[in-house]
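Quick look at what TrEMBL annotates:
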- 118-139: transmembrane segment (TRANSMEM)
- 196-218: transmembrane segment (TRANSMEM)
- 225: site 'Crucial to convey clamshell closure to channel opening' (SITE)
- 252: site 'Interaction with the cone snail toxin Con-ikot-ikot' (SITE)
- 307-363: disulfide bond (DISULFID)
- 382-402: transmembrane segment (TRANSMEM)
């Protein structure tokens, strides 16, 4: 390149990597030189219409120059008409583009850490868990604060269930927001629902918090293209190369479909996307909506000095720079040996660092200029927690069914026990004796019938008990209800037949009856008075 300051003449007018390299080679090989610029300013490409070469290649073919030092790419077409030394630098074609602008802040950017389908799945999970908690709490008898059986005397008239429909939704939303609630499940099934929901919210909240930090600390950039394939698949951003250069030849002669498509676009684009110089190509890139395809060494040099420019993607090919000579020149082998020696000594790398990475000329590029992305979490990342949630809910429903069946089976024998008629104290002793004898006979007959029909009777009683409990669970939607009345607990029913023949005497009845020679009937200790069924004993719902 030409020096910008000072009055210089001859070879001193020029400076740069290639000038320093030429000085080293001339000193090692032993020759003098005079630097001249190519008249048309082109590197040299074959014109199929005229059948002629231009640029530096034309000058070497006409023996108007002995050496060509610069960013001359070694390729097949040039090698067929001129000679090249060993390459002194390896490179490839890459894309020069303007640094992407920062993404404008959005009002609802806090939703970015999770993909839209995850937000919808979380909402669906919230509704599903709330409804499941409500149904399981209604279905499980252990979530109601009632005694073991409706026939139990002295129990409360009204039983309560804390998980109404609104409370169920409040419980789940409180847990999801990490605030909790004053509702505590009591049954095993409802505790399983609550526990699996707590695990679900732990994973979701932790994943959201971690990814939110990444979104807030990483500045995302708008990058319309990532590589050559993206460039070829769009038309909003135009792209081109240096006119009559090796990059242009690469796309023209390439057999790769992507590059052939790019060449057709560049060839037919109006106005022309080809530029005569690197400086004009850089200016078009800075103006926007233009990508310049150029060799990576020149691209690195430009990017190091202008923070508004960046490289997109990797290298499209692999090639090298060499010093060109006329065909059959005696200087080619000598210069090649000098290049190999300079490479082994590290001189070429030192020259590269001097001109490409000079601290005074390079811009202080920050990490903001680079594109960084924090991807939203999708189903592939945290979809497993939804599977765990569904499995937990299914397990809780099975536990609720087990609790329901177990409670119904436990209450079924109480439903099958016959009522006992209370004798009145105003009757005579003879009446009491006859009543007791009749009662004993009835009990014996009933026991015999029960032994004969026990399987069918047990099945019918268990099924009926389950049906009654299920109907009540489905009909009740409030947080409280009246106790279910036992259909067989009718007027003057005191309790159940004694299972233990030796019971505690009540109010001295045993001693009085024994002294009169009357057989005694022992009643359960908790029965002290007649129980009259009232309309409040029946479900009003």
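For all residues, glycine too, the Cβ spot is worked out from N, Cα and C.
Nobody curates TrEMBL annotations by hand; they come from automatic prediction.
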>> Using only C-alpha positions, which one of 252, 307, 363 is spatially nearest residue 225 (site 'Crucial to convey clamshell closure to channel opening')? These are the recorded positions in the record.
In response: 307
>> Helix, strand or coil for residue 252 (site 'Interaction with the cone snail toxin Con-ikot-ikot')? Use DSSP.
In response: helix
> Which one of the recorded positions (225, 307, 363) has its C-beta surrounded by the most other C-beta atoms within 10 angstroms?
Replying inline: 225
>> Around the C-beta of residue 252 (site 'Interaction with the cone snail toxin Con-ikot-ikot'), how many further C-beta atoms are within 10 angstroms, looking at every protein chain?
In response: 16
> In angstrom units, rounded to an integer, how far apart are the Cα atoms of residue 252 (site 'Interaction with the cone snail toxin Con-ikot-ikot') and residue 307 (disulfide bond)?
Replying inline: 31
